[in-house]
Every structure is written in C-alpha cells, then in structure tokens.
Amino acid sequence: MGPGPSRAPRAPRLMLCALALMVAAGGCVVSAFNLDTRFLVVKEAGNPGSLFGYSVALHRQTERQQRYLLLAGAPRELAVPDGYTNRTGAVYLCPLTAHKDDCERMNITVKNDPGHHIIEDMWLGVTVASQGPAGRVLVCAHRYTQVLWSGSEDQRRMVGKCYVRGNDLELDSSDDWQTYHNEMCNSNTDYLETGMCQLGTSGGFTQNTVYFGAPGAYNWKGNSYMIQRKEWDLSEYSYKDPEDQGNLYIGYTMQVGSFILHPKNITIVTGAPRHRHMGAVFLLSQEAGGDLRRRQVLEGSQVGAYFGSAIALADLNNDGWQDLLVGAPYYFERKEEVGGAIYVFMNQAGTSFPAHPSLLLHGPSGSAFGLSVASIGDINQDGFQDIAVGAPFEGLGKVYIYHSSSKGLLRQPQQVIHGEKLGLPGLATFGYSLSGQMDVDENFYPDLLVGSLSDHIVLLRARPVINIVHKTLVPRPAVLDPALCTATSCVQVELCFAYNQSAGNPNYRRNITLAYTLEADRDRRPPRLRFAGSESAVFHGFFSMPEMRCQKLELLLMDNLRDKLRPIIISMNYSLPLRMPDRPRLGLRSLDAYPILNQAQALENHTEVQFQKECGPDNKCESNLQMRAAFVSEQQQKLSRLQYSRDVRKLLLSINVTNTRTSERSGEDAHEALLTLVVPPALLLSSVRPPGACQANETIFCELGNPFKRNQRMELLIAFEVIGVTLHTRDLQVQLQLSTSSHQDNLWPMILTLLVDYTLQTSLSMVNHRLQSFFGGTVMGESGMKTVEDVGSPLKYEFQVGPMGEGLVGLGTLVLGLEWPYEVSNGKWLLYPTEITVHGNGSWPCRPPGDLINPLNLTLSDPGDRPSSPQRRRRQLDPGGGQGPPPVTLAAAKKAKSETVLTCATGRAHCVWLECPIPDAPVVTNVTVKARVWNSTFIEDYRDFDRVRVNGWATLFLRTSIPTINMENKTTWFSVDIDSELVEELPAEIELWLVLVAVGAGLLLLGLIILLLWKCGFFKRARTRALYEAKRQKAEMKSQPSETERLTDDY
C-alpha cells in the first residue's frame, strides 16, 4: 500500500464545527526522541479560514523534475476567479524549502455549469492521497453536486467526485487512471440509493487500485468502492451492507492492503463510526462479479465514541501481517479524565482479528485523542514500525509518537510534540491530519507531515539515531591493595567509545561530541575514591568521534578509609549534547549534523574494583557474629522484671558479641562490624563501658571494629537513665541489630523485652488522729430525732492523700477505705456518719454504697458548726429553764469508772467499710468525714465511765485490673475520746414559805422556852456563899486524880 493520506475524513461541515468547539485538557510529559522540533518546515497558504491542512500527504515527484512535495487540502478555499463561483476548495503543493509562503495551487480545472453540476462549496481537497514514489495523486470533493431536471424542476444529487492526476500533478489525457470518470454513484437515484453518496469522503491508492468511501449512500448507511486495474482489465467493486438501517457511515474512512486477511489478495478495511451508535470497522474481501464480501466486523464499546472514524494499518510486531489501529476520538471515562482512545487489534496470522483489542491507548479529557492516526514507518530505524496519533484539541494540539517491538505497540509514547511549544503564531488544532512513511530529506529516516485547521502544515523531520556500539570501562588493578597506592595513582580507568548510525548508512561519518560522566562510589557518601588533581569523585569529559577513541584517568583513595570490604563501583553515563546552529543560513538545514542517541540503548555502564582482603582465596569474607544480651542489675544479676518507682534512675544492659568459627560458618573478619540499638523514649543513654564505644542520636550505634577479627570477643555494658516510664508502660523493648559489610545472612534483629511493674508512690496522713468529744444530757430515741444535732456531739476527721505524680487515666482507681466503728456489740448506734466530702481540684461528696452515710436522713447542720464547749454543754443540759425529761444524773453516793475502749478488733464494736475514690490530681486531696456521737447509747450503756475511747482504721489502696501497676497500702488509725458530762444528784429544794413558817415557828418556840425558863427562875443570880461553894467544889473536882494515876499509884 502506498503512503496515502492517513487522516480521518471529515465530511459534513456541521461535524467540523462540532469538533472545533471541543476544549483541550490534560497533558503528557515525555522526553523527546528523534522527530526534530527546532528546524521545522512550516507552510501557510490559502485565504484565512480555507482549512489549509485539513488533509495532508507526502509526495515524491519524479516526472519533469526530482523533488519532494507537501500536499495539503484546503476544502474551504476560494475558487479561481471565473465570475460565477465563490468557493470551491483547493489543493496546494508545497516544495521542501525553508520558506512559509511558496506553496502553489494545484491546477484542477472544473467548469461551473449550474444546469448540470454545482461546484460551489464542493470541498475540493477534503481527501488528498499520493500513490507513492513515481505514483499518481488523488484529490476528492465529496460535496460535488449533480443537477437533474424533471420538467422545470431541478433535483440535486450530492454524489461527490474524485480526480486523479499524474506524478507531476498535471492532467495526462493519455493515462486511463486520470481520464476515467470515477463516478461510482448513480445520480439518477435518490438518497435511499446512491444519489447522496458523498463519494471521496475518504480514498486512496495502492499500486493497482484506487478506492473511495461514500458514507452517504443508501440513506447514509454508506458504501465502499474500489477500482482495480490488472494490465488492460478494469474491475469495479462495491459493498452494500445487508442490514436494513441507515446512518452507519460505512466508508467514512478506508484503507486497502494485502497481508491483512490474505497474504496476496487485498483486504478492504472501512470504518462505520455510527454503526449501532457505537461504531464499527468492516473487513471486506473481493468476490467475483464486483462485490465486496464482509469477512469480519470489529465493534466499538461505547456509544458516541465514533469508533472507526480513523484507521491505520501497520505490522507492529514484524510477524509479516498487518495489524489494525482504530481511533475513537470521543471515547471518555469521566472518573479517569480520559478523552479519546486508540484500539489496537493484533493480526492473528491472517485468520482474523480478535474481537477485543490487545491494547487500548487513552488521551486526556477533551483532547479528541485518536481523531487521526497514521503508520509513519520506522522513524528511529530499530526495525519496527511506528505510529503517530493526533490529539488536535489538547491545548493547541499534540501528536503522540508510539514505537513498537516484537510484542506489539508500546503502551507509553516515546515522544509528544506539543503544538504550543513550536512557536508558530496562530497555530491551533495541530495534529488534525497526519501523513508519513516517506523520507523527504533523504537522511534514511522517514518524516512526518502534520496538518491543522488553522491554515498551517508542519513537516517534522527525523534526526539520525546514533548507536554506541563499543563502550568499555576497564579499571586497573581490578583488586586493589591500598598499601600499593602511590601519591599519584591508586586506580587507573580506561574508557573507550565507538558508534554507528541506526539506519546503517555507511557514509555517515559525522564528527560528534559525546559527553560522559564518570563517578566513583556513586552509592556511598562520602565516596572512597577521588580523581587525581581533584577532591571530587565525579569527572566530566568529552569524546570527539567518529574514530574510536580511548582515554585513561587516574584515581586516588580518600583519607580515613573505613570500608575495605565492599567493592568500589565506578559508573559511567553518557549523552549527546544538543548542538546549537552555528549561524543563520538560507535553505533547509540538514539534520545529519544533529543526531540523537538511541534511547532504547542503556546510556550507562559500570565496573567495580575489589579490595584485597584476608578472607580466603575467594576474597570474600564470611563472618559469624553472634550476640547475647540481657538487662542486669548493678550486681550483674539478670532482670526479668523492672520494679519501677520514681526512685529508680538507672538500668543496665549487658551485651556480649563474638566472632568464632563453627562447623557451619568460617568466622572470618567482620568488616565494619556495627551494633545498632533502637531504644524506647523512656531510656536515655547514660554511659557505656568501654567508654566511647557507642554514639547516640535517635539510634545508638556501637562500632565493634573494622574489622572485628576472627575469634574476637567483646562485652558492652550500657547504662540508661530511666526517664519516661509511665503507668501505660507495660514493658521496655530494645531492638539490637548486628551488621557487617562481610558476608553473613543470619543477622536477624534481636528484640529484648523487660517487663515493667510500676509502683505508685503516695501518702496518707491526718490533721488530727485523736479527737475529743463528750456525752451527756437526755436519752432520745431515733423516732424523735429530726436533725443530726439530736444525735449527739459532732466529730470531724480530715484525711490527706498525697499526689501520685502521674494520673491513672482509667488504668485504676485510688481508694480511701475506712473501717468505721458503726455500732456497739449489742447493735446500738456508736458513731453516726453524716457526711464525707472530697476536696481536690474541686469539691464533691462521697457516697459509699449501702446507704451507710446518714441512713436516717436527718437534717444536716450548718457546715461551719464546731463542737460545743463543755461549759456551754453543761448550761444546755441545765434543766432549770427548759422543758422535757430531766437529764440523767449519777447517784450522789456513786463514783464513775475512769475509762473503757471500744474497737472492732476486740468485738466490743462493730465496724462497716466505707470507700471513697480519690481523683487523679496533682495536688493534695483532702477527705473530710463528719459524724455524730450517738449520745443515747453512751448515756444508757456507758454512764458509769468517765471516758470512752473509740478506735477506727483508714487504708489507702489501689484498685486496678492491670497486674503491672501496684502500690503499697497506706494505713493509719483514728480515734475519739468521749468524756462523760453527767452530774451528781442534788438535795431537794424547800419552798420559801415553808422556810419562813419554820423560822417563825422556831422563833416562837424559842421565845416560849425562854419564857418558861424565866418563869422557873433560870435567869435568877446566885448568892456569894453559893458562889464560893460552887468554886470550891470545882476546885475539888480539878484536883481529883485520874483513873490511870490511881492505878499507877497502886503499884
């Protein structure tokens, strides 16, 4: 098949307008390959809006002169002035020059005869095709209209018309190809037959055939026509689809060739983009009698995608059979931002094509990717055909270049030509039409002609591709002994290059300059080698060819070399610098001076230099590093658990490393032996023994030796500060990893785990362990009590809980438990609890379960109340001015006992358990317990005692389900001394009137007695004699001896 036009035919004007309204989006960034975008051949012709470039073709003229031409259709071009026609369309031929405006209009003489045919707006140039070297040219006008008359009424038939011209683009009347009418449609029929067939919407040549597409035939079902010439015989073929439906557009695009479904016979491939609304491609073969028979139909997969609007044939995998590419420019995937597709069907050795594509290429949304597709030949001369795909509505238009291989078309484009980067003012819809497969500048590489709707065509010429066929990189010596290095050289590297042209042109001997970069130890920082005369491990150089050249470079070892085990990798990469034009000049610039390296070749080479090592004859060290590790105490005792508290400050880790020979491993030197420790944030490196063996950053690195010798042993003792253990810490994990640059494949990381038992530290204290109180007054029963003051004297205990330093945060609860003396042994109330309040970061009541606090619901007193003084209490118990029962008193003759003790441990009191949770708080928490002495119990049962002492216990403990958190219980005692204030009984008081009466009666009685004595002469004075007699008698009485004296005198 010749290099005919390979753009998708564009028939109706309405369709063209719709395409122009599409918005470009997306993009693809691909490194350029060998289509040159600097030295473009750009042509502009026609009047503005002529659509110059709507169709394009490359043509080689060999008659009358030797030259290459760029053919471009301008279907909206103005007519040659004749006074009757305004617009007909045109075809321009453009020479291969550096000028933009030297195109000539092709001479196709069409006379205007409105009575028989209409050439106004016939779209001449909608199709342009070349038969190849020394071949003819085909030009079509699909809107050419014939006029039929029925009486005075005319009927118009848009049958279309195609013109064949000679190799020199002139009419040769002796050539049957050119003089044949090529009128395949019958204008005497209507649109239901071929009266509106629009012949020439697509068309092309082979060596002995010319073919046309007519998508308007049979109510726009469409048809395909072919004229075949064999020597003097001429045969016409056509295809009428048996399906009874219109609007399929068969013939919208056509390609004809062999090695499709038969190695010799030709196969017609025609697109029908509206077949069943999803589009299809028909494969037809010749039948006797001039018919084309349908052999296979490939259907599209999406409604409205216009599958089949562009097709191309190319042997992608070099199996000798032509493969098929089908464009679907309106294909879309909304979620993936895809717009346009190319379906690739690989030929199954001439039997058929698979129903589903082997590859589906996508373009960006709104790009119309696949609106044009063309086989452009082997542009890089790698032996495989290449493909160009147009995306005219992506920005200002783009053309994607795909290469192929033995497996078919490569998925990723090798080059993307961006219309906006070409620097052409007014350019748009770049890539609307494509034509290739011809080397127009004769440099052995086919070129590509690209058309647009903006009155521009652009020729992209292929640059020569250079293969580097001989590249060597040889170090000397290959095994380096640092002891043999000199001040000027340790390693010498020799590198050599040679090239050829991929097209195999033996005359191509251009002087090219190859830039190369050598880098020593690229994967290591810092590198171990540097180039002589420099401190750098990188060297940049240039080679000038075509003759093979070699170069030698000297390298030196860096100072303080540590790694002498791993080889030094010396890498080389090279490139061909972009050469800028020497100076402006007239004429078309040859691209032979601007070659490009073959991108399919590896542009990098490397070699390595080994170190001389004491590791056996193979120079390969096989170490046997082994390690034991454990957490230990300061007495070197192994720890399985860490009993942590805030007093713990240090933790020790003992590590033993050996490198000894075993039956399985030789235990040779371990180069760059390193121990890496990954420790949790709770541990901070404090010290290492031996000193300086380890360095800490986020990870701890301990250098064991370089090398760590055979049979060497080493012990490390690492001390850590424990700084971050919390209640959430269940364990401490340390990962230990031995590493060496020697060969050892069993160096697995060791995970060392130390369980942590966290011991909370807090305190429990009291403001006053022992309180003073009293009892006395009257006995009152429960039913008579209304307020807590009716119970008895108040008590107030204050407990203080020290802060833990760290909140439990849901891991447990700190609880204050009280062993509270609640009753005496006979069940009577003892100390009646009225209220418990917790004060920390706030204040709230504590309500232990069991309704043990103020169970009688008595009215609480003012929180500010304090116990009354004994004097005040005595006055309150004074019955003189009050009412009610008299206070209980002690018998005046009875003396009370001194003291008794009530405690639950002796059974003389019964206790209940009260619990109050202590909140997480960084401050001291106060727990206040208020109670009342049950006065009646003490009056009834302990009235005989001066003092009753009641004892209780308080315990602070931790309640948690986590076994690693614990706390030592804190216990304290509390008590109250309750003194008796009962008074002794007093004598009964006598009424005043009785006293007055008694006094009066006494005085009266005394008077009577005196009177009586007086009457009896008691008050009369005695005589002198009687007086003296009395005195003498008294004296006699005084002088009488006593009985004792008398008894004494008897002896």
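Along the chain as shown, the residues are counted starting at 1.
Using the three backbone atoms N, Cα and C, a Cβ is placed for every residue, glycine included.
What Swiss-Prot lists as topological domain 'Extracellular' is 33-991, and the listing cites sequence analysis. Taken from Swiss-Prot, the feature repeat 'FG-GAP 3' applies to 185-235. Per Swiss-Prot, N-linked glycosylation site is recorded for Asn265, Asn500, Asn511, Asn573, Asn605, Asn656, Asn697, Asn841, Asn857, Asn926, Asn935, Asn969 (among others), and the stated evidence type is sequence analysis. The annotation repeat 'FG-GAP 5' is assigned in Swiss-Prot to 293-354. Annotation comment: Swiss-Prot describes 356-411 as repeat 'FG-GAP 6'. The repeat 'FG-GAP 7' feature in Swiss-Prot is assigned to 415-477. According to Swiss-Prot, the transmembrane segment annotation covers 992-1014, on the basis of sequence analysis. Residues or ranges marked as motif 'GFFKR motif' by Swiss-Prot: 1017-1021.
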Problem set entry | Surrounding residues of the transmembrane segment (992-1014) on its own chain - C-beta under 8 Å, 6+ positions past either end | none
Problem set entry | Proximal residue to Asn265 (N-linked glycosylation site) among glycosylation sites Asn656, Asn697, Asn935 (C-alpha distance) | Asn697
Exercise. Cα of Asn573 (N-linked glycosylation site) to Cα of Asn857 (N-linked glycosylation site): how many Å, rounded?
Worked result: 95
Exercise. Helix, strand, coil residue numbers for the repeat 'FG-GAP 5' (293-354) per DSSP?
Worked result: 0 helix, 32 strand, 30 coil
For this session: Using C-alpha atoms only, work out the spacing between Asn935 (N-linked glycosylation site) and Asn857 (N-linked glycosylation site) and round it to an integer in Å.
Result: 18
Exercise. Which one of the glycosylation sites (Asn573, Asn656, Asn926, Asn935) has its C-beta surrounded by the most other C-beta atoms within 10 angstroms?
Worked result: Asn935
Problem set entry | Coarse DSSP state, helix versus strand versus coil, of Asn697 (N-linked glycosylation site) | coil
Problem set entry | Coarse DSSP state, helix versus strand versus coil, of Asn841 (N-linked glycosylation site) | coil
Problem set entry | Packing count at Asn511 (N-linked glycosylation site) (other Cβ atoms within 10 Å of its Cβ) | 9
Seminar exercise, completed: Quick note, Asn656 (N-linked glycosylation site) and Asn697 (N-linked glycosylation site): C-alpha atoms separated, nearest Å, by 22
Seminar exercise, completed: Same-chain residues at least 6 positions away from Asn605 (N-linked glycosylation site) with a Cβ under 8 Å from its Cβ, in sequence order, are Lys471, Thr472, Leu473, Ser571, Met572, Asn573
Exercise. Out of Asn511, Asn857, Asn926, Asn969, the glycosylation sites in the record, which is closest to Asn697 (N-linked glycosylation site) when you go by Cα distance?
Worked result: Asn969
Exercise. From the Cα of Asn500 (N-linked glycosylation site) across to the Cα of Asn511 (N-linked glycosylation site), what is the distance in angstrom?
Worked result: 12
Problem set entry | Mean predicted confidence [pLDDT] for the repeat 'FG-GAP 3' (185-235) | 93
Problem set entry | For Asn857 (N-linked glycosylation site), the one of Asn841, Asn926, Asn969 that lies nearest, given that the glycosylation sites are compared by Cα | Asn926
Seminar exercise, completed: Taking only the CA atoms, the spacing between Asn969 (N-linked glycosylation site) and Asn500 (N-linked glycosylation site), expressed in whole angstrom, is 92
Exercise. Can you tell which of Asn500, Asn697, Asn841 has the most other C-beta atoms within 10 Å, given these are the glycosylation sites?
Worked result: Asn500
Seminar exercise, completed: Within 10 A of the CB of Asn969 (N-linked glycosylation site), the number of other CB atoms across every chain shown is 10
Exercise. Does DSSP give Asn573 (N-linked glycosylation site) helix, strand or coil?
Worked result: strand
